[in-house]
Amino acid sequence: MKTLFISVLQGFYAVTLAFTLQASSLAQSASPTSNLLNAASGQATSTRETPAQPSERTPADIDAQLQDMQKRLVVTQADIVKAQAVITDGTNVETTARLAAQDRLNHLRGMQEAYSQIIDNLKNLRRVTTNLETARKEKQNWHAPAGTAPWPLASADELHLAILRLQFQLQHLRQRTNIVNDLIADLRKSRSQIEIELRQSSAGAETQRTSEGIQRRLDRTNLDLANAAIDKDTITIEQTTGAISLATLKLTKDFYNDRFAFTEEDFQKIKADLQKRIGSLRTQEQQASLRINRTLDLAAAAKAKSDALDQNATATPEARTAARNARLLADRRAEAARTERERYRAQIDLDLLMIQMWEIRRDLYANVDNSQQLAVLKSKHEELVRQLNLGLNYLNQLIAEKSQSTLALNEQLRQAPTGADKAFLSEMLTPLAEQIDSMRGLYALFERARQYLEISGSEIALAQLNQTFIQRFSGFKAALGEFANDVWQFEIFAVDDNIVVDGREIKTKRSVTVGKTVGAMAILIIGFMLISGLIRRTLALAVDKANLGASKSVVLGRWLTLAAGFSLIITAFNIVEIPLSAFAFFGGALAIGVGFGTQNLLKNLISGVMLLIEKPIRIGDLVEIDGILGTVTSIGIRFSTIQGAQGNDALIPNSVLVEQKLVNWTYSTRDARKDVRVTVAYKSSVEQVQRILAQVSAEHPQVKQVPAPVITLEDFGDNGLVFNLQFWIKLQAGIMPGQILSDLRISILAAFAEAGIELPFPQRAVMFDQSNPIAVQIQAPGTPAL
C-alpha cells in the first residue's frame, strides 16, 4: 500500500512537471504561490474555536517577503505585456491559439491583482507590527500621571472614552477574525476540490487547455489563501496591540482609583459652553427655516410650471419632462432643507440632554453618600438613556431609508439612456448624499453622548456599590416607598364628572387610582363589619326584650343589611372622591340584567316580604313541600332553608313556598296524630290485644295521654285481625316521629311474644286436579323419549 501511494505521488508530480515545462511563463508566475502558501499554511486556522496565536514576525522578515512579492509582481507585469503582444500580433490568426492567449492574459491579470493585494497587506502588517512594538514599549515605560488626587473629571472622561474606543475596536477585530476564519476554511475546501480535479485531469484524457485552466484556478486559490492568512496575522497582531494598550490604560485607571472631583465651577463652565452652542444652533435653525421657505416657494413654482405644461396641449414632451424633473429636484432640495433644520433641532435636544447628564454627575459627586439621592439620580439617568436610545433608533431608520433611496437612484443612474437623464439623476443624488452625511455626523454626536451616559451610569453603579449597609437599607426603604407611592397613585381609568365652581357647572375628569380603590374597599369591608355587628346586636336585643319573632328578625336583619350596604357604598365612594359616574358603563348591562335576569329575583324578594307579613312558616316549623320534609332553619330574602331528617339542607325559593302546596305540621299546634297498625292471628283474644296496645302506648313517654290513645279493630285481613293504635305526640326539635313509632312497634312485639300472641304471615293452599293424573315412567338410558 505504501509503495502504491508513493507511485501515485510520483505520477502526479511527473504530470505537473510536464505542464510546467509546456508553459514556462505560467510556471514562473505560479511558482511563488506555493512558497507563499507554505509560509502561510501553518498560520491559518479553519475553525473559530482554535484561533491562531499572534505571529511574531520581525520587520526585517516582512520587508524581505515584501521585496520578494514586488519582484514577482514585476515579472507578472512583464508577462502581461508579452501576452498582450501575442494577442495583438496580426500574423497569429489561429482561433484556438488566440483564445489560449486571452485565457493566459486574464489569468496573469488576476495574479497581478492578487500580488498587489498581498503587497498591500504586507505593508499593513509591517505597520501594525511597528505599532505592537510601540504599545509594548509604552506599557513597559508607563509612569503615573502628574498631579495629586483628586484629579479633574475631564481626565477620567478622557480615560474612559479611550477605554471604550479600544473595547469597541477589539470587538470589531473579533468579528473580523471570525469572518477571516470562515474565509480560510472555504478557501481550503476549494483548494482540496481543485486539487482533486487536477489529479483527475492528469490521469484522464482532458486537453492541455483544460488542465492549464485547473492549474490556474489552483494558483489563484493559493494566492487568495496566502492573502487571507496574512490578513489574519494582521488582525491578530492588532488584537494584541489593542489588548496591550487597554492594559496600559487600565494601569492608569487603577492608579486614579476613581479619585476625581467635579466642582460647581466645572459644571457651570461646561453648562455655559453647551448653552452657547445651543444659542448658535438656534440661530442656524432660524436660518434653515428661512431656507425652507425659499425652497418651498421654488418647489411650488416648479409644480405650477409642471402642471401648466401638462395641461398645455402644444407643449413638447421634452419640455414636460424637464419641468417634471425640475419639480422633483425642487422637492428634493426642500426635503434636504427640512432635514437640515431637523438636524439642528436634534443637536439642540441632544445638548439639553447633555446638560441634564452633567447635572446628574454634579449631584453625584456632591452627594456621594446620599442613598436616596442616588436612587433619584439613577432614575433620571435611566430616563436620559431611554430618550437617547429612541433618538439613535430614529436616526438608524432615517439613514437606512436614505441609503435605500440612494441605491435606487444609483441604479437608475447606471441605466440612464441619455446624458440629460444622467445629469438630472446626479443632481438628485447630491442633496440626498448631503442628508446622509449630515445624519451620520449627527449619529456620531449621539454615539458620543451615549458613551458619556455609559460612563455616568458606571459612576452611579460604583457609588451604589460603595454604600454601607445602613445606606443601602435607607436607599431600599426610599425606593420601596417610591414604588409603593407609584402603585398607590397609579391611575386605573379616568371618568367624566361635573363640578360646580362659582355657581357654574364645569365638566372635568377624575382619575380612579389604586389608592382610591383600596381606600373604598377598606371602608366597605370595615364599615360592613361594623354595621352587620350593630344590626345583629340590635335585633338580638329586640328578640329578647321586645318579643320580636326569630324568623321576622332574620328577614328584617337581612333587609337592613342590604340597605346599609348600598348606603355604605355611596358613602365610601364620596369619601375617596370616586364619582358614581365611574360605573355608568354598567348601565347597559344592568338594564339587560334587569330585563332578563332579575324577574325571578324580584319575585323571590316579594315572596320573602309576604312570608314575613303573613307568617305561613316560622323558623323551627316542621314543613313538607314537594316531597321534602324537614325543619325550617332560616328564612332569607331570596330563599329559605329546610333541614331534612338526613341532615341535608334544601334551599327552597320563597316564591315556591308561596305559590305551591305547603304542609306546615306545626302551623297551629305542635301536636300530631300517628297510627300503628298490627295484624294478629284469628285465634288471638281481642281483649288481650287491646289491653297490650293500651299498656304499651301508656308506658311510652312521648305518647300523649290527653287525648287518650284509641285502639280499634280496623279490618279482617287475609292473614289475621288488623288492629290500629291511634295516638298523639308533640313535635319537638331533636325528637323524630319515626323513632317513636319504632319504639312502640318494638314494645308491642315484645309484649305479644310474652303473651303468646302470634303475628301471622301469608299462607296459601295448593290443590291438584285428580281427574287427569300425570303419567310418570322410568326409562332406561339410551331409549327415546315418549
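Just so you know, glycine gets a Cβ as well, placed from its N, Cα and C.
Curation plays no part in TrEMBL annotations; they are all automatic predictions.
Of the candidate ranges 36-58, 496-518, TrEMBL annotates residues 36-58 with the feature region 'Disordered'. Same-chain neighbours of the transmembrane segment (517-535): 488, 492, 557, 560-561, 564-565, 568-569, 571-573, 575-576, 578, counting only residues six or more beyond its ends whose CB sits under 8 Å from a CB of the stretch. Confidence over the domain 'Mechanosensitive ion channel MscS C-terminal' (676-759), given as mean pLDDT on the 0 to 100 scale, stands at 85.
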